[in-house]
Amino acid sequence: MVFVLSTAVYQQTLSDTKQMDNGGAASHSSPVSSSLIQTVSAAVSPCPVLRKLLTFKVYKRRWFVLLLLSLLNCSNSTLWLTFAPVADQSAQYLAVTLEKINWLSLIYMVISIPIAFVSSWMLDTFGLRIMVILGSWLNMSGAVLRVLATVPGVDISYQYIIVMGGQVLCASAQPLIIFVPTKLAAVWFPDHQRATANMMASMSNPLGIVLANVISPNIVSTPAKIPLLMLVYAIPACIICLLSTVGIRSSTPPTPPSASALTSNSEQFFRGVKLLLKSKSYLILMACAGSNVAIFTCWSSFMQQILCVQGYTNSFTGICSALIVVFGVIGAGLFGVYTDKTKKFIDVLKINLSITSLMCIAASVVTLLPQQPIAVAAVFSLLGFFGFSCYPVILELSVECSYPIGEALTTGLIFVTGQILSALYIVLLQAFSKRLAESPVSSCRDVTMSWKVSNMVLAGLHTLVCCIFVLFFHTRYHRLEAEERAMLQNQATA
């Protein structure tokens, strides 16, 4: 009873907040809120036991759920980029062109876009548990199907089709699990741990990119090793599926960790979509976030083909990809802790995105230089440190500027934008690339392409979007403000 009343008090607080957002003043002395506070106060004051029901609580179980989600995100991204670091060998084994191998990565963007909206609705409707379990089963099924394509007796003409079928299943799993970090942080973690939890779950996805770029070149010395490579990636997917199915018992903890967890998706789905599409601050953030995701998708997909033109080996390409993510995880950890303590999401994001644009320009230059491994590695390390670390900050800021709209929806639209721009950028990069007749330093095993214009176009696009964000993005932290008002309301009942 007391818990229901406290929820009603908080709902009144949200109503006051919305009035202020619309230009009105919050009526702190409204009859509804006053009577509710008096009722709660009367019920709680004589009974210390009931008073404890109003105290928010966290559970150790939240770290286990976070670990499973992180492992699942990591596995899904390794399956996404299995073939990109060894594109030449994959094309030879599957007897297809490099363009078709690129489609094994691009299919993630194509498939996940229509599924993303349904996934956002499902996450806010059915909860975290159903989404993680469903995602883990799709992820495992796709990984196993890819392995079946390499079974002796399968006709070579069907192998690519079967592998693509596995990629489609894995791509279908991505939107089911990639929206979960913000929801997990909101419903399982207190306000001083949300950015950190979001960072850990979100950065597990690029960690999988690191593993793919390191493991794939080291396993695939010849095209005949491709079946072993797919088996290596399938085993963790099966284990994670088992752990998720039996290990996640509920979508939410018994009691909420913060006031905002009570009403994180109080807006209906379709009304939430309309509100987001009318929000100038959210639209600017969505475009900038999508562009940021797109540049890293492009580098992950084409780095081997870009660097081999200047004579860099697949192993060095894997190291550069690993440096992007490793330094990105380090940066995300530092900025995650910093924003948890200071709540300066906007300041951190504007600085990081500006430096990311500079690093994109630098990368478009150093990738034209042969025999400069230190310069190339340094630029990609800085690109990762400032660029990759933006993602969890973006997700937290998206919730702050759109609260109380559900976290899955706000994250989902950003994800869809990122996928659309990734597909667009990839098409543009391929359109602006030119075939070279010969290159004396090239280590490419197939066709040698010049990516000079493509990389400059990519850097220019991200710089343009970044400038728009720095100049025009402003927002209030609605979730933090609502929690502060709720805390004041609860103190009034004491």
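Yeah, the Cβs are placed from backbone N, Cα and C, and that goes for glycine too.
As annotated by TrEMBL, transmembrane segment applies to 63-83 (among others).
Sequence annotations record features per position, and here TrEMBL assigns transmembrane segment to 103-123 (among others).
The annotation transmembrane segment is assigned in TrEMBL to 130-151 (among others).
Within its own chain, the transmembrane segment (157-180) has Cβ neighbours under 8 Å at 69, 72-73, 76, 79-80, 94-96, 100, 103-104, 107-108, 110-112, 115-116, 119-120, 122-123, 128, 131-132, 134-136, 138-139, 141-146, 148-150, 201, 205, 230, 407-408, 411-412, 415, counting only residues six or more beyond its boundaries. The transmembrane segment annotation in TrEMBL covers 157-180 (among others).
Note on the transmembrane segment (201-220): residues 66, 69-71, 73-78, 80-86, 89-90, 178, 180-181, 184-185, 226, 228-229, 232-233, 296, 300, 303, 314-315, 317-319, 321-322, 324-326, 328-329, 332-333, 388, 391-392, 395 of its chain, located 6 or more positions outside it, place their CB under 8 angstroms from a CB of the stretch. According to TrEMBL, the feature transmembrane segment maps to 201-220 (among others).
With a cut-off of 8 Å between Cβ atoms, the residues of this chain six or more beyond the transmembrane segment (226-248) that come close are 64-65, 68, 71-72, 75, 78-79, 82, 86, 89-90, 93-94, 128-129, 132-133, 136-137, 139-140, 142-144, 146-147, 149-150, 163, 215-216, 219-220. Per TrEMBL, transmembrane segment is recorded for 226-248 (among others).
Under the heading transmembrane segment, TrEMBL lists 282-303 (among others). Distant neighbours of the transmembrane segment (282-303): 81, 84-85, 102, 105-106, 109, 206, 209, 213, 276, 317, 320-321, 324, 353, 356, 360, 363, 380, 383, 387-388, 390-391, 394, 397-398, 401-402, 410, 413-415, 417-422, 424-426, 429, 451, 458, 461-462, 465-466, 468-469, 472-473, 475; these residues of the same chain sit at least 6 beyond its ends, with a Cβ under 8 Å from one of its Cβ atoms.
If one looks beyond the transmembrane segment (315-339) by at least 6 residues along the same chain, the residues whose Cβ comes under 8 Å of a Cβ in the stretch are 85, 195-196, 198-200, 202-203, 206-207, 209-210, 213-214, 216-218, 296, 299-300, 303-304, 307-308, 345, 348, 352, 373, 376-377, 380-389, 391-393, 396. Annotated transmembrane segment per TrEMBL: 315-339 (among others), in sequence order.
Marked as transmembrane segment by TrEMBL: 351-369 (among others).
TrEMBL lists 375-397 (among others) with the feature transmembrane segment.
Feature annotation from TrEMBL assigns transmembrane segment to 409-433 (among others).
Listed as Cβ neighbours of the transmembrane segment (453-473) (distance under 8 Å, sequence separation of 6 or more from its ends, same chain) are residues 280-281, 284-285, 287-288, 291-292, 294-295, 298, 306, 346, 349-350, 353-354, 356-357, 360-361, 363-364, 367, 425, 428-430, 432-434. The transmembrane segment annotation in TrEMBL covers 453-473 (among others).
Counting Cβ pairs closer than 8 Å to the transmembrane segment (409-433), the top stretch among 63-83, 103-123, 130-151, 351-369 is 103-123.
Using a Cβ-Cβ cut-off under 8 Å and counting only residues 6 or more beyond its ends in the same chain, the transmembrane segment (63-83) has close neighbours at 90, 101, 104-105, 108, 128, 132, 135-136, 139, 142-143, 146, 167, 170-171, 173-174, 177-178, 180-181, 184, 188, 197, 200-202, 204-209, 211-213, 215-216, 229-230, 233, 236-237, 240, 243-244, 247-248, 300-301. Counting same-chain residues at least six beyond the ends of the transmembrane segment (103-123), those with a Cβ under 8 angstroms from any Cβ of the stretch are 80-84, 90, 130-131, 163-164, 167-168, 170-172, 174-176, 179-180, 183, 269, 297, 300-301, 406, 408-409, 411-413, 415-416, 419-420, 422-423, 426.
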